[in-house]
Structures are given as structure tokens and as C-alpha cells.
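Taken from TrEMBL, the feature domain 'Major facilitator superfamily (MFS) profile' applies to 1-191. The annotation region 'Disordered' is assigned in TrEMBL to 341-364. For 48-67, 74-94, 100-124, 136-155, 167-187, 293-311, 317-339, the entry in TrEMBL reads transmembrane segment.
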Amino acid sequence: MSIGLPRKLLAGFIAIAVFMTGDGFGLTFLPKYIVDQGFSSSQASLMFTMYGLMAAVAGWASGVLAEMFGAKRIMLIGAISWICLHLVFLTMALPSGSYALMLAVYAMRGVGYPLFIYSFVVLISQTVDPGKLATAMGWFWTSYSFGIGVFGAYLPSFTIGWVGEYGSLWLSLPFAVAGLLICLALVPSTRNEKTEGMSATEKFHELSRGATILVENRQIALAAVVRVICNLTLYGFPVIMPLYLATHTNGGGAWFEVSQWSQIWGFQFVVTGVRQRVLGGRMGDRYGWMRQMRWFGCWGCVLGTLGMYYIPRFFGGNMALMCADAIVLGLGISAFVPMGGPSSRPTPRSIRARRFPHTISPPA
């Protein structure tokens, strides 16, 4: 593990990258596609809001579930549920034109990916030396970024012109299935002797107490709040920016095509979401994660967020400036990588929600 990459878990990192490629396919164009089908921008936003809410609930539960029932088992359950619900979304919900059905199915699909990726975080914490945990988490977010940010954003920017938005949503399935198969065949299983003897009632009680960690441990509560805030741009922008940049509605100026926006968003992950997530984790191990988050994370997110709004206003469809701003924003987001290390360590009083700050929202 000379570069901080746990070789025993290499297949798991690959599975995360491949699976999240499938999950990220619709992230940069689905809001506009929903609006193009005759729905309002507020309806499209509500779909993603409910998706995020269900993902947060699943993320909150994933740490404890993985501890009690095994990380690999929960990963498989998450992947299978995502694939099944995505099929329902494509074959029934979207063709029906029923907003209620679309909202329900898409929200339920949000349960799948947190169970898959955050259960792997538990596996990392059970396998990796605590002194190298932030570095290992940097590699985890690199895999995550390759999937949802690089391939998940760039591939649709080319496939939309070939098969359209609906066809591109179908192309996400092979990646999700491949991630599932890699996990099934190559990700190791682990045992937790502390939970094997627990009754069903005890396990349910342990899960139900998950949220109390926020009251009992002030540091965990603060980490959870910061984690939510630093992810608002990471998962809010893909919802609002296609409407702002590629349409004339809601104050937008149609400065870019959706495919161009996908490339801008993917560029953030190519330059920073890959390199800096590895380097950021190692810097956190060496120099201290609080210093890195305070000065690079917070200010980078502030400047990058403002740039995303004002650059098109003043400079129009300037791809170079938008890509430069994507670098600034990505540097800010990636500075929060080391938070994963300290917040993944077990709490002394129980196993409940020890991964809560990771899983309250999709991490940076």
C-alpha cells in the first residue's frame, strides 16, 4: 500500500467507479429533460429533492446496516435495488407521463447508491490502518469521482447527440450491472463478531439510535453540518445549472448546450476530483485536515460558486473561463476529503451511526 491504495480492496474501488458511472449518467441533463417533457422547473427540482432525501436516509442507515449484516451484503442489496428501480423508471414512470409515478420511483431509486458506496466505506474502515484512513478515503472519492463526475458526465455529453436523453438513460444500466458483478465476484466479505450474536430486536434498537450520535457527540454533529453545506454545490448545481445555462427560463440565458455543461462539470472532476482527492487525503494525513478544509475548502467553494453564476452573465458562453472556475470549485470541494478519516472512526459507546457524517449527504 505504498501510495495509500489498499490492494485488498482494489476491486471495490473499481466497482464504485463503474457503478457510479451508471448512476451519474442523468445527473447533468435529466432536470432539463424533465422540463422538456412539459413539467415545470420546480417539479424537476422536487424530483431531485426527494431523491436526495431518500439518499440521505439510506446513507444514514448504511453504516449501521453494514456493521450488522455485512458490508458486501448491503452493497449488493443497494446495487440490485438501484437497477430494478431504474428499469421501472425507464419502462413505466417516464413513458406514462405521470408525475406522481415519476416522483415516487425516482425517489425510491435514491436508496440504492448510498447503500452500495457507503457500505464500502465501512469495509475500508474495517480494513485500513487508522493512520492511513484519510488517504484511503481520498482513493475512495477518486473512484467515486471517476464514476459520477468524469465518465458519468462526459459520456452522456457524446451519447445525447447519438441516442438522445432517453437512450442515454438506458446506457447507464450496463455500468450499474457491471459494478454489481465486480462487487459480487471480487469484493471481500467481512465478519463483525460484536454484532453476530445480536438479536433482531437489538439490531433494530441499534439502528433506531443512529441519530442520537449527533446529540451525544458535538464533533460528529459539527462534521455532519459541514458535510451537508460543502455538498450543496456538488449536488445542487447539476439540478439548477442545466436550466440556468441552457435555457431562457428562470433567469437563464441559454449560453451553453447541455452537452457543454456536462463537459464543464466533468472537467471539474478530471482536474481536481481525481488528482486532488488523492493528494488532498494525503495532505490531510500530514498537515492536518482542519487547516485544509478551512482555508482551501470554504474559500474555494465560495469563489467557485460565485463564478458559476457571474461568468456567463459577464462573458457569455466562454468555455475556458467556466472550466477555470470549475477547477477552483473542485479544489474547494476536494479539500473536504480528509473529513472522511476522522468521522469514520468508531464511536466508543456503540456502533450506531459512526459513519453518519459521511452518509448524511453525498460526500465531496
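Even glycines carry a Cβ here, placed using N, Cα and C.
Curation plays no part in TrEMBL annotations; they are all automatic predictions.
Counted over residue pairs separated by six or more positions, the transmembrane segment (317-339) shares at least 3 Cβ pairs under 8 angstroms with the transmembrane segment (136-155), which defines the two as touching. Beyond the ends of the transmembrane segment (167-187), by six or more residues, the same chain brings 9, 11-12, 14-26, 29-30, 72, 75-76, 79-80, 82-83, 86-87, 90, 94, 116, 120, 123, 147, 151, 155-156, 159-160 to within a C-beta distance below 8 angstroms of the stretch.
Long-range contacts of the transmembrane segment (100-124) within the same chain, counting only residues at least 6 positions beyond its ends with a Cβ under 8 Å from a Cβ of the stretch, are 6, 9, 12, 15-16, 19-20, 23, 34, 46-47, 50-59, 61-63, 65-67, 71-72, 74-75, 77-83, 85-86, 88-89, 92-94, 133, 136-137, 140, 144, 179, 183, 187-188, 190, 340, 344, 355, 358-359, 362.
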